[in-house]
Amino acid sequence: MPRVYIGSLRELNHNDNVEIYGWLQDLKLLKNVSFLIMRDRTGTVQVTFKNTPDIVNLLKELPRESVLKISGKINKKSVSKSGLEVSGESVEVLNRSERPLPLPVIDPVQADLETRLNNRFIDLRKRDVSSIFNAESSILWGIREFLHSQGFIEVHTPKIVAAATEGGADLFPVKYFENDAYLNQSPQLYKEILMSSGFEKVFEVGPAFRAEEHNTTRHLNEFTSIDIEMSFADHNDAMRILENAVKSGIENMINENGKDLQENGINISIPEIPFPRITYKECIKLLEKEGLEFQFGNDFSPEELRIIGRNFKDFYFITEWPSSLRPFYTMPNRDDPTITNSFDLQYREVEVTSGAQRVHDPDLLLKRFNEKKLNIDSFKFYIQAFKYGMPPHAGWGLGLERLTMIVLGLNNIRETTLFPRDRTRIIP
């Protein structure tokens, strides 16, 4: 008999034979009957056994979280809360759990995050925890489908590189045979090379690595980056793609996971597009109205972003950032080269992602290298692609974990990461 997922039991008829597999979440042995709560990735169901000597002997010493195979019949006349249960006929123990559990799965005992991450394998069995990753998967799938619908193709670029994408020192070194190499911060350089190759619209979903010694609730040293690059486009085109991608991801998450999220007290609405736009200089004026002094060329502090974010419902763009705050590949504004054709997507005070129109002229690119005091020799493979017909192009990179954290209203990015890598954690 083929396995039936618990979430599909309602599609069957009363008295249909079923075979379910999963974890024993809870167990109650009464005088004449035993009640089991079985769980698989799709949900839970109550299983009822009439007590026989064999059943009682098997169940009375069976620990929670043991893995079972149960055969029985659908009972749609059940008085259980769900109105459906399985009348058990046989049970096979596939794997017996040890006692005690390192973490409770259903008991209302709240472990701290460090303890949970140290025992992540069992923490992920909790419905409120696993629902985060179901939601994250749906967000990513919605974004992927949208990008495919817009003519983007998915690509995969190297994660072991010889040069820093951003030109900085925040890199993890690795030994690559006889050469020094690094884990890539971003697929930026390779995305741009593909514009020269004529691919025109590409996106990538993959790991990115930042050797930054921060230890905050919003940063990871390894994260999943969703990156796009598009030819014959500017920063405005990139913003339109980004806001629609974010909306599509949230929309798909609500369609696929809305019920589970509501059961966990998370209510989400689809954001309205277009997202509001405000320039960097307009942000300075907002701060000055609050009596704050701010110098052009400085980055905004968390407190300053909180003040700016109070003017917006949720998502908004800050545009036209100073050239001094942007990487070498960012296109300066034609009318005012002290600012750039760039943007940050914000959610209130939290930065979601950055993007820009890129430099496509090789002479301007070399000028930007010199302004940033970068070693041109390290980027020869990249510069070469600009000499033989590089089209105007733009793009962005979006951290999946941070987006999920923001959308679900969570307080720590580690909640949206299966096995976080931060300043102190490389296990498990």
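Cβ atoms here come from the backbone N, Cα and C positions, even for glycine.
As the structure is a computational prediction, the values presented were derived from the model and not from experiment.
Feature annotations, reproduced from Swiss-Prot:
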type    : residues                                                                               : note
SITE    : LYS81                                                                                  : site 'Important for tRNA discrimination'
BINDING : GLU166, ARG210, SER354, ARG358                                                         : L-aspartate binding site
REGION  : 188-191                                                                                : region 'Aspartate'
BINDING : ARG210, ALA211, GLU212, ARG218, HIS219, LEU220, GLU351, GLY399, LEU400, GLU401, ARG402 : ATP binding site
BINDING : GLU351                                                                                 : Mg(2+) 3 binding site
BINDING : GLU351, SER354                                                                         : Mg(2+) 2 binding site
Next on the checklist: Among the recorded positions LYS81, ARG210, HIS219, ARG358, ARG402, which residue has the fewest other Cβ atoms within 10 Å of its own Cβ?
Outcome noted: LYS81
Next on the checklist: Treating G and I as helix alongside H, and B as strand alongside E, what does DSSP give for the region 'Aspartate' (188-191) in helix, strand and coil?
Outcome noted: 4 helix, 0 strand, 0 coil
Item to check | Within 10 angstroms of LYS81 (site 'Important for tRNA discrimination'), Cα basis - binding-site residues out of GLU351, ARG358, ARG402 | outcome: none
Checklist entry - Counting only residues 6+ apart in the same chain, whose Cβ is under 8 Å from the Cβ of GLU351 (ATP binding site)? => result LEU305, ASP344, LEU345
Checklist entry - Roughly how many Å separate the Cα of ARG358 (L-aspartate binding site) from that of GLU212 (ATP binding site), to the nearest whole number? => result 25
Next on the checklist: Could you state, as a whole number of Å, the largest distance between Cα atoms of any two of ARG210, ALA211, GLU212, ARG218, HIS219, LEU220, GLU351, GLY399, LEU400, GLU401, ARG402, the listed ATP binders?
Outcome noted: 19
Checklist entry - Between ARG402 (ATP binding site) and ARG210 (L-aspartate binding site), how far is it from one CA atom to the other, in Å? => result 14
